[in-house]
């Protein structure tokens, strides 16, 4: 079977999702369940440590999905480490999606702080999943300090633009010894399928599902697209050709 | 249910396939069955009218798929009409995929001969499915003479380049009163999903399945991708944005 | 010298321009002169046969540019032939830019009527320059009836989208025995340079110059871009490579 | 006049070039002079400090171009600082193009080492021009430590792929307070024009000129393209539109 392994966990679904931007907790739960995603990011802000009745968390806790806290909102390595520790307490998990984006407009990740935080968090025993620019050299450096995967972006978060970093994702996938998960920018099932066809190990999709007019149906659509892209990758795509080739043999009956 | 209707037939699958280029008749049958395609093109050349033991046809006749003869190989309207009549005799169907491509290198369709043949074939009672360039004006003219759908190309046949006619497909889909089926050039499941997300009614895929290293798996991959694209189209995609938007709300906990 | 020849005329500039959409006749004249264009389209509507003081024409007649009347506004071959004759009378030229676009929204050309009109106009002694979709088969058919060039579109008129028909322009350029002039859709100097790098013989630019904030400067910009693209085509572009290659040799001084 | 200022120097040309990969020193000199480039990178390896008769340097020293030594070949910040000091000695300039690419296959820059080296070199009084991935956050961090410009890549060095980092270059240009010079990947004049149209302050081109069949002509082509793109940027491009707009007014003469 086609299993994805990250640290001590295995996944049969290669579609990771998020919990932001949904119209309601119920819509979120429905969409995530329909997507069959097994790993779901959650912003620390949403985790109300004190409040047992926190709506969103309760919805997710009744399912079998793994919660992956993220550090969204921090601007430095130091803040990220602090946030990761808080998240570990609150959610009882040493997995952390590392996001450090000082810029409030485009939310693009900071390569310097991310590497620094990753190194510190690995030493503290975290399973670190860093969200980064599609920078092949940075990916190798993160791998060298012990992250369990790399999460390069396809396009700015929430832009829905798709795979705008193709030339660099190809290099990252070629060179990486840890799973490559394309994160951010995926706005349509075709984008997700494309990332998987390139050889990505998984994708993370949030906005495109959450703000669709029908999040549940969109969750299913992404599930199918990710499966399609993965199957195509394994079955090998036909090569691109400049000259056409008839798929129907040219009939010569008229000359008979 | 989401049914596609063309002339007197209804389809639950929006993936049409072809029979060319497969390594063997068995591989072809397996892939087509796995794809759950309900309409399959077949070149007249492959139909051996005399020979009851024709291998390929026997493989397909045992299934529930509809055979759609094509006129591949003809170069003029006159030849196309002749071929269509032969096909009707041989396969006992008045459906015809009209393909007229005089150029042996790129196999691009001839707009003039195609319109002429379409008009004649409609008058002869055929259900005409014309393969054409992604030319919005030609599509409207074909519609005016009574074709049952239009089949604009995404890229040259067998090129596997994907949807290279985007700007024109969008116009065709916007203006058409008959189903729009994207034909030729689709080389990966992501391409098929993309065409469906744009609002195409179906896609036709042949080479990409047939020459894959694993046609059966690729057939399934395309089936999933077409379903994904169609579901996404109906659930409405999130809009593309220039500025990023956080899917995780910015945590303010550090300022508390 | 690098001369373009069409019918009996030679051109040193490969930038053709148009007269529509300018803020004033003075701005138009300035921009066209600055662009050094030698062939300028003019809509028949603008030509006031009776009125000797017609402003726009007077501005252009004082220059050395050749006026190229177009049939913009006609919807059939018959109307096109009628318009061409009127234009010949009014402007004393047998050159005609053939444009037949029945659709008022996207102004895309009609392949059937265009071929029909082209054939008739060639027989009437016109130098026919047909504006068409980037349809390689149609280009060859037009060539066969005697047009003096083909003018495939890059994108819908006035869209400024650039070269959206790349895969088909490449085939047209490869196969054509008459000059290929990319018309419509060119919205920036980089688009014009790109068309020329592909091997187009000339480009026609109107909207992008006319609606710029500074038409004169934009006219110069397009002139330079067309020259750049043409020179690059002749000097041969470096090939695209997947793997990087250092343009600076890797210094080994540190190992010495 | 449209002057580019970096540190204490002003430039009338916005085309920077390089000295690698030319067939001969004579071809290099011819091409660079023809391009009218005023800033030319040179790899330290090529600078033979001891040898007064060094061919390449002699060719360039007789011209008025500014030489810009680069640190190509170094893999760490420490090596880069060492190389920069050597270069300062050899060429009597405190300008340095900072390139740190540990990966020998794709030569992509290392963001961590580059920032570290930039900070050290600025403190040592260098005018630092860092070659980097098109990473908007990294650009702002480099700006914060005092670099005089940023040089984000369009595509991997020597790939000739063009502007593959569009979405990120746009953000970099929007946010930068220092000149943005697009470096690496520019393979055709149309690419250079496009970068300038986006608002880049300059471009650096080497491979595309050096390995052309006619480097001198290609140098001129790039010069024109850069000027065209810059002029278009200043004159403001026409907006991209979805619906077509006639540049020729629809003639109504037929209805009269």
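The backbone N, Cα and C atoms fix where each Cβ goes, glycine too.
What you see is a predicted model, and the numbers here were worked out from it, not measured in a lab.
What TrEMBL records for this protein:
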- B:97: active site, schiff-base intermediate with DXP (ACT_SITE)
- B:158, B:184, B:185, B:206, B:207: 1-deoxy-D-xylulose 5-phosphate binding site (BINDING)
- B:5-249: domain 'Thiazole synthase ThiG' (DOMAIN)
Number of other Cβ atoms within 10 Å of the Cβ of residue B:158 (1-deoxy-D-xylulose 5-phosphate binding site) across all protein chains: 25
Pairwise CA distance, residue B:207 (1-deoxy-D-xylulose 5-phosphate binding site) versus the residue listed as 'active site, schiff-base intermediate with DXP', rounded so that it is a whole Å: 17
Diameter of the 1-deoxy-D-xylulose 5-phosphate binding set by C-alpha atoms, the set being B:158, B:184, B:185, B:206, B:207, in angstrom: 9
Whole-number Å value for how far residue B:97 (active site, schiff-base intermediate with DXP) lies from residue B:206 (1-deoxy-D-xylulose 5-phosphate binding site) (Cα to Cα): 14
Mean of pLDDT values spanning the domain 'Thiazole synthase ThiG' (B:5-249): 91
Sites among the recorded positions B:97, B:158, B:185, B:206, B:207 close to chain A [C-beta, under 8 Å]: B:158, B:206, B:207
Residue B:184 (1-deoxy-D-xylulose 5-phosphate binding site) and residue B:97 (active site, schiff-base intermediate with DXP), Cα-Cα, nearest whole angstrom: 13
Sites among the recorded positions B:97, B:158, B:184, B:206, B:207 close to chain C [C-beta, under 8 Å]: none
Residue B:185 (1-deoxy-D-xylulose 5-phosphate binding site): tally of other CB atoms within 10 A of its CB: 28
Nonlocal residues around residue B:184 (1-deoxy-D-xylulose 5-phosphate binding site), in sequence order (Cβ under 8 Å, 6 or more apart): B:131, B:153, B:154, B:155, B:156, B:157, B:158, B:159, B:204
Residue B:206 (1-deoxy-D-xylulose 5-phosphate binding site) in three-state DSSP notation: coil
